[in-house]
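What Swiss-Prot says about this one:
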ZN_FING   10-27  zinc finger
BINDING   G95, D96, P97, G98, V99, G100, K101, S102  ATP binding site
MOTIF     254-258  motif 'RadA KNRFG motif'
REGION    353-480  region 'Lon-protease-like'
REGION    459-480  region 'Disordered'
COMPBIAS  461-470  compositional bias 'Polar residues'
Amino acid sequence: MANARSQYRCSECRHVSAKWVGRCLECGRWGTVDEVAVLSAVGGTRRRSVAPASGAVPISAVDAHRTRPCPTGIDELDRVLGGGIVPGSVTLLAGDPGVGKSTLLLEVAHRWAQSGRRALYVSGEESAGQIRLRADRIGCGTEVEEIYLAAQSDVHTVLDQIETVQPALVIVDSVQTMSTSEADGVTGGVTQVRAVTAALTAAAKANEVALILVGHVTKDGAIAGPRSLEHLVDVVLHFEGDRNGALRMVRGVKNRFGAADEVGCFLLHDNGIDGIVDPSNLFLDQRPTPVAGTAITVTLDGKRPLVGEVQALLATPCGGSPRRAVSGIHQARAAMIAAVLEKHARLAIAVNDIYLSTVGGMRLTEPSADLAVAIALASAYANLPLPTTAVMIGEVGLAGDIRRVNGMARRLSEAARQGFTIALVPPSDDPVPPGMHALRASTIVAALQYMVDIADHRGTTLATPPSHSGTGHVPLGRGT
């Protein structure tokens with residue numbers, strides 16, 4: 001016997017809600033929710049779990065060896081994943097079109113097969129011949145026989161292929177191109193993506209097959225599809241990079257098997273993609289002599305310390321209001337630092353055109369780069385080059401104070417490893433690596449006084465670091 005009940009369904013994304021709403025809660029469209037009558041069995045049915053069910057057992061009796069991570073063979077990717085891919089896990093890799101997602105995953109399949117494990121690469125966007133052409137270009141088309149290709153867009157056919165091939169790794173490129181006849185909506189829609197992901201996830205966990213899904217992103221950078229897509233999977237990775245450059249980064253957003261804030265660096269080239277063990281060299285402008293308007297900092301991207309360079313240029317305005325051009329740094333934060341220099345250090349920089357940029361396309365998003373931005377602006381204002389062995393780390397407050405940042409010991413260790421011998425930092429009890437002198441400034445005025453001191457000692461080490469109280473102001477003249 002069945003009971004009739006009412007539901008409310010969006011005509012655009014097919015999202016179902018229990019009550020009527022003027023605006024769809026899923027896609028945000030207005031006036032698309034209509035009432036529909038559905039039949040349900042008396043008592044209803046229970047929703048099947050995505051993960052295989054098991055009885056209650058003591059945690060000490062659970063065998064965890066079968067779920068140990070399997071290395072992919074790509075060290076930078078394994079770093080983000082927490083050592084490798086866990087059998088039965090589902091990983092979502094999202095990124096902009098053309099950033100290199102397919103190239104990276106084809107390289108993963110190649111390394112996976114080289115270790116004697118079978119991989120199935122399913123594409124709903126390319127034919128098997130097109131995938132083979134790309135595999136030949138990056139050098140992984142003929143070396144191994146354990147890579148299987150399938151050009152399919154029906155999820156049930158993909159599940160049959162998994163049963164037939166019996167792979168240890170399945171790559172689906174992409175989840176938005178897969179469809180199922182058991183769900184309404186168009187391919188790539190919210191309902192279809194949710195149903196396809198649930199079916200693939202259930203199959204992966206039931207067969208202990210590692211599954212990697214490729215996801216599209218919207219113009220705002222968010223993962224396309226329902227929010228539940230990120231809840232269904234075990235790992236969410238974002239693949240980022242400037243299409244005009246070769247640097248690529250994989251950021252962990254969610255990871256049930258490791259840290260969720262790791263970052264892997266890659267270099268995309270004509271013959272594939274390679275991991276970068278020491279990416280700091282990409283973010284530094286190698287020059288033999290110091291140049292005014294530059295400052296070095298160490299930022300933490302997740303848990304990874306990266307050395308970056310800030311460049312500043314001040315120019316006389318050509319009529320009208322002064323310009324502010326910022327690249328790689330938050331414009332609002334750059335304006336705040338300029339205001340602090342104007343107010344507390346009495347540097348008349350607001351009347352100038354201000355240009356700020358980072359080297360190598362690096363994005364400085366954390367406050368630890370504030371001090372480097374301030375020093376770069378002051379150095380450009382006074383035309384005072386700083387030694388290339390100095391690094392600046394610290395947050396600048398509106399009161400002109402220099403504040404501590406987390407992970408200072410890790411940052412200083414990375415700076416020392418890169419050959420820096422002078423560190424301008426806020427007061428703290430963090431240990432300083434051997435061979436490095438720490439100049440501790442509590443205010444922006446004291447930091448600028450230290451800047452003048454180390455500029456006078458260019459090319460030499462400071463045997464005895466100077467001490468400043470941080471009161472008053474630094475009479476920096478405008479350089480020519």
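The backbone N, Cα and C atoms fix where each Cβ goes, and this holds for glycine too.
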| task | Could you work out which of the binding-site residues (G95, P97) has its C-beta surrounded by the smallest number of other C-beta atoms within 10 A? | result | P97
| task | Count the Cβ atoms, other than its own, that fall within 10 Å of the Cβ of G100 (ATP binding site), considering every protein chain shown. | result | 19
| said: Counting by DSSP secondary structure, give me helix, strand and coil numbers for the zinc finger (10-27). | reply: 0 helix, 4 strand, 14 coil
| field | Helix-strand-coil residue split for the motif 'RadA KNRFG motif' (254-258), DSSP-based | value | 0 helix, 2 strand, 3 coil
| task | Taking the Cβ of S102 (ATP binding site) as the centre, count every other Cβ atom within 10 Å, in any protein chain shown. | result | 22
| field | Tally of residues which DSSP labels helix, strand or coil - the region 'Lon-protease-like' (353-480) | value | 42 helix, 24 strand, 62 coil
| Out of D96, G98, K101, which of the binding-site residues has the smallest number of neighbouring Cβ atoms within 10 Å? | G98
| If you average the pLDDT over the region 'Lon-protease-like' (353-480), what number do you get? | 85
| Cβ neighbours of V99 (ATP binding site) where a neighbour is any other Cβ within 10 Å | 20
| field | Residues within 8 Å of the G95, D96, P97, G98, V99, G100, K101, S102 Cβ centre (excluding the ATP site residues themselves) | value | F239
| For S102 (ATP binding site), the three-state class that DSSP assigns | helix
